[in-house]
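According to TrEMBL, the feature ATP binding site maps to Gly7, Val8, Ala9, Ala10, Ser11, Gly12, Lys13, Ser14, Ser15. Annotated domain 'Cytidylate kinase' per TrEMBL: 3-203, in sequence order.
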Amino acid sequence: MIVTIDGVAASGKSSVSSGVARALGVPYVSSGLLYRAATLLAHEAGLSPHDPALVPHLEAQPLRFEPLAGGNRLWLGTRELTADVQSAAVDAGVSAVAARPELRAWVDRRLRALTPPFVAEGRDMGTAVFPHAQAKFYLTASARVRAGRRAAERPEAVDEIEAALILRDERDRAQSVPAPEAHVIDTGPLSLQGVIDTILAALPQGAAPARTS
Ligand SMILES: Nc1ncnc2c1ncn2[C@@H]1O[C@H](COP(=O)(O)OP(=O)(O)OP(=O)(O)O)[C@@H](O)[C@H]1O
Ligand SMILES: Nc1ccn([C@H]2C[C@H](O)[C@@H](COP(=O)(O)O)O2)c(=O)n1
């Protein structure tokens with residue numbers, strides 16, 4: 001079974017996917033983390049997103065991706081990259097990397113090599129990468145709501161975060177389209193657990209965990 005959870009930046013994809021994956025007892029897979037890793041490694045190697053040497057460079061790196069239900073982790077050999085790829089600098093550069101078809105193909109190859117069951121989150125999991133997924137969801141919320149949530153975990157001011165989110169939404173628009181059959185959820189009025197419960201309740205029979213009450 002594959003469940004896809006796509007959505008706009010900071011709409012809650014990772015937190016919600018982790019909660020759904022834990023309830024189902026399966027891993028979740030953050031595709032954004034791979035685009036972030038590519039961005040950080042390109043920057044550290046002094047390669048632009050357009051450089052034809054970038055994909056061969058990435059292929060040569062000892063990059064290891066741990067898609068755990070509790071949270072995805074990323075390693076370069078023994079160096080953990082998980083926190084490094086969540087910086088404002090990576091946020092600012094990642095859309096240019098994600099716009100490159102050869103980089104998208106590099107990420108998609110790594111994702112399709114994973115063995116189901118899992119919950120996959122990102123922008124195009126339900127459309128391009130796993131079009132045959134059994135259940136598809138798409139998360140939204142206003143930029144202000146998303147910025148407010150992010151401000152609780154980052155040092156930047158809420159206005160600055162909101163402006164950066166609006167810019168990233170615009171740059172990611174091409175690949176951030178809900179699948180026609182996706183359940184679209186406005187997370188604005190919902191708690192994190194409320195979103196998780198909405199998704200669990202909408203899963204096809206057999207995929208959802210047994211209800212106790
Ligand atoms: N429904 C919700 N109610 C309140 N807070 C939420 C909700 N959903 C997510 N959050 C909080 O919003 C923040 C952003 O969530 P998260 O990192 O899961 O989003 P994301 O879509 O994966 O982000 P990104 O696109 O940057 O990877 C986190 O602090 C998370 O706890
Ligand atoms: N399937 C995906 C996942 C991510 N991206 C791009 C767009 C985002 O700006 C960036 C980081 O993702 P996030 O951590 O915010 O989920 O990666 C994409 O194009 N396709």
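Even glycines carry a Cβ here, placed using N, Cα and C.
With a cut-off of 6 Å between Cβ and the nearest atom of ligand 2, the binding-site residues Gly7, Ala9, Ser11, Ser15 reduce to Ala9. Of the listed binding-site residues, namely Ser11, Ser15, the sparsest Cβ surroundings within 10 Å are found at Ser15.
Mapped onto three states, the DSSP output places Gly7 (ATP binding site) in strand.
When other Cβ atoms within 10 Å of the Cβ of Ala9 (ATP binding site) are tallied across all protein chains shown, the result is 23.
Spatially close to Lys13 (ATP binding site) yet at least six residues away along the chain are Ile5, Asp6, Gly7, Ser30, Gly32, Glu121, Gly122, Leu139, judged by Cβ distances under 8 angstroms.
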